[in-house]
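Swiss-Prot has this to say about the protein:
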DISULFID  129-167  disulfide bond
DISULFID  398-441  disulfide bond
DISULFID  468-487  disulfide bond
DISULFID  499-516  disulfide bond
REGION    155-160  region 'Fusion loop'
SIGNAL    1-24  signal peptide
TOPO_DOM  25-559  topological domain 'Extracellular'
TOPO_DOM  581-604  topological domain 'Cytoplasmic'
TOPO_DOM  647-653  topological domain 'Cytoplasmic'
TRANSMEM  560-580  transmembrane segment
TRANSMEM  605-625  transmembrane segment
TRANSMEM  626-646  transmembrane segment
C-alpha cells in the first residue's frame with residue numbers, strides 16, 4: 001500500500017443488498033449502511049462496505065454514493081463519487097433433460113412366412129422377429145427370446161407338415177426419450193459502475209453461467225458477486241406428466257410429449273402384442289389392421305403435449321447428452337444479494353483513505369521452564385499511528401516440541417500508548433532421557449482496521465525430565481556388557497547392576513526385573529547386602545541372595561511370587577536348623593566335649609544356624625526358578641521326614 005500523509009491508500013468494496021419485485025418501477029437511489037473494513041477476498045487493503053435493504057417495490061437500482069456520504073459514515077476520505085446501476089432484468093426457468101434408460105418410440109411392421117421344417121421356422125423367427133415383452137415364446141421344445149405366433153398343418157399332397165409364423169418387427173423409431181429434471185431459476189441483469197468521471201465498468205450478471213455467474217469481472221477494476229437465494233415469489237411450471245423426445249425432425253431437436261400417452265403406448269404393446277399375433281394367426285385380424293393399430297399408438301405417443309406449460313419452451317441445448325429447455329417467467333426477481341468489490345489501491349479505480357493505528361513491537365521476552373510446568377512469552381506493542389488502533393496479537397508456530405496457546409488477544413490502543421500481550425507455552429517430548437531443548441516461537445500483532453501486521457520471534461527453553469515406568473527395569477549395552485537400570489520413582493532411571501564375563505541380563509519376577517545370569521538360566525536377583533547376587537569367597541561362584549526378596553517386601557515392591565519365595569526359604573531355614581542341629585549336633589557335640597569346653601546347647605545352636613543358612617540359600621537358588629520351586633517343595637517334605645526320623649525317641653520294650 002502507498003502512504004498518503006498519515007493515511008493508507010486501500011482497496012474499496014461496495015456491498016449492495018438488492019431487492020426486486022414485479023409490481024412497481026421505482027428507482028433505488030441510496031444505501032442504508034456504509035462501513036470501512038480491512039481487506040476483501042479479491043483485492044488487498046481496506047474495504048468500503050455499502051449495504052442496501054429495500055422496504056418498497058423496485059425493479060431498477062440506481063445508487064449514488066457521494067464522497068461526502070462515504071466520509072460522514074466511515075471517517076474515510078474518498079476522492080470520487082461512486083454510482084451503481086442495475087437494470088434490464090430477465091428471468092426464466094431452465095429444465096435439464098436427463099437420459100434415464102427410457103425406451104424409444106418405434107413404428108411396427110407385421111411379418112408372416114411358411115416353412116417346411118421347424119428348424120427353418122425357428123431360424124427365421126429368432127433372426128427377424130422383435131422382443132416386445134422381454135419374455136419370449138415356446139416353439140416346439142425350444143424357447144425364443146422374441147415374440148411370435150405359429151401354426152402347422154399336414155399337406156396330404158406332399159405328405160409332410162407345413163409351418164407358418166406370425167410376428168412383429170420394429171420399423172424405424174421416432175426418437176430417444178428423456179426425463180425432464182427439476183428446474184433452476186435463472187436471472188440476468190446488466191450492471192454499470194462508475195467512479196467520478198472515469199470510464200464506467202460494466203458486466204452482465206447471471207446465475208446460469210456456473211462459475212462466471214457467481215463471480216464476474218465488472219471491467220478491469222471491479223468484481224460482482226451474486227450470493228443470495230434467488231426468489232421471484234412465483235414457482236416455475238411444475239413437471240408432472242411430461243417427457244421429452246429427441247430427434248432431428250423436431251424443432252430445436254426436442255419435443256415435449258405426454259408421459260401418460262408414452263406409458264399407454266408401451267403398456268399396450270407389452271400386454272396386447274401377443275394377443276394381436278394370435279388374432280392374426282386365427283384370421284380374426286389382418287396384417288394391415290394390426291400395423292395400423294400399433295403405429296397409431298406410436299404416433300399418438302410422440303405428439304406434442306400442447307396442454308403442457310412447457311409445450312412451447314425454447315430449446316437451450318439441442319444435444320441428447322446435455323439437453324435443456326427454457327421457460328420464460330413474467331415475475332421480477334426478489335431478494336437477490338450482490339457484492340460489488342472495487343479496487344482502490346495505488347493503481348486502482350477509486351481512492352479512499354483513513355487514519356489508522358500502526359503497531360510497533362518495542363520489546364519481547366522468552367520463557368524457560370521444566371517439562372511438567374509451562375512458561376509465558378510476551379511482547380510490548382506501541383501504537384505509532386495517528387489514530388486509535390485495534391491491535392490483535394496471536395502466537396504463531398513454535399519449534400519442535402513446543403506449543404503456544406492459539407487464543408487471539410485484541411486490545412484497543414490509543415496513539416502513543418503501549419499494550420502488553422503474553423501467551424502460555426508448553427513442552428512435550430517422547431524422549432526418555434533428561435536433556436535441555438531450545439527453540440523459538442513467533443508472535444504476530446495486527447491492526448484490525450488496516451490489516452497491517454508486525455511480528456517477532458522469542459526464544460524458549462525447556463528441560464526434559466527422564467521418564468520411565470516405576471518398578472520396571474531396562475537393559476542397555478555398554479562396552480559389550482549388559483547394564484541393568486531401575487526406575488524407582490517413574491521420573492529417572494539409575495544403574496542397578498552390570499553383567500560381566502559370561503553373565504547376561506535375564507528377566508525375573510514376572511518379567512519386570514532383570515538379573516545377571518549365565519545364558520540359558522532363568523530367575524534371580526544381584527550386588528551388596530541386599531543385592532540380587534553375591535559371590536562366594538575363593539571359588540568366585542555367584543549365588544542368588546535371599547535377602548533381596550526381603551528388600552522387595554520392605555520397599556513395597558514385592559509381588560505374590562516374592563512372598564512365596566520368602567515363605568519357602570524360611571521353612572527351609574527352619575527345617576535345616578532343626579535337622580542339622582539335631583543330627584549333626586550330636587557328632588560335633590562329642591568332639592566338642594573332648595576339645596572345646598562348650599555346652600551342648602551352644603554347639604547345636606551354632607551348627608543349626610550355619611546349616612539352616614546354607615540350606616535356605618540353596619533352596620532360594622531353586623525357588624527363584626519355577627521348576628526349582630517344585631523340586632524344593634518335594635525336598636522339604638523329604639527333609640521333614642528325616643527330621644522326624646532323627647528326633648523320634650527310642651522305645652525299648
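Yeah, the Cβs are placed from backbone N, Cα and C, and that goes for glycine too.
Neighbour density at the Cβ, taken as the number of other Cβ atoms within 10 Å, is lowest among the disulfide-bonded residues 487, 516 for 487. The Cα of residue 499 (disulfide bond) lies closest to that of 487, out of the disulfide-bonded residues 129, 468, 487. Residue 398 (disulfide bond) sits 45 Å from residue 516 (disulfide bond), taking the C-alpha atoms as the reference points. Averaged over the topological domain 'Cytoplasmic' (647-653), the predicted model has a pLDDT of 47. Each residue contributes its Cα atom, and for residue 516 (disulfide bond) and residue 487 (disulfide bond) these two points are 17 Å apart.
The distance from the Cα of residue 167 (disulfide bond) to the Cα of residue 441 (disulfide bond) comes to 87 Å. Taking the Cα of residue 129 (disulfide bond) as the reference point, the closest of the disulfide-bonded residues 441, 468, 487 is 441. The CA atom of residue 468 (disulfide bond) is located 29 Å away from the CA atom of residue 441 (disulfide bond). Counted over every protein chain shown, other Cβ atoms within 10 Å are most numerous around 167 among the disulfide-bonded residues 129, 167, 468, 499. A separation of roughly 34 Å, to the nearest angstrom, links the Cα atoms of residue 487 (disulfide bond) and residue 441 (disulfide bond). Under 8 Å, Cβ to Cβ, and six or more positions away along its own chain, residue 441 (disulfide bond) finds 366, 377, 395, 396, 397, 398, 399, 402, 404, 423, 425, 457, 458, 460.
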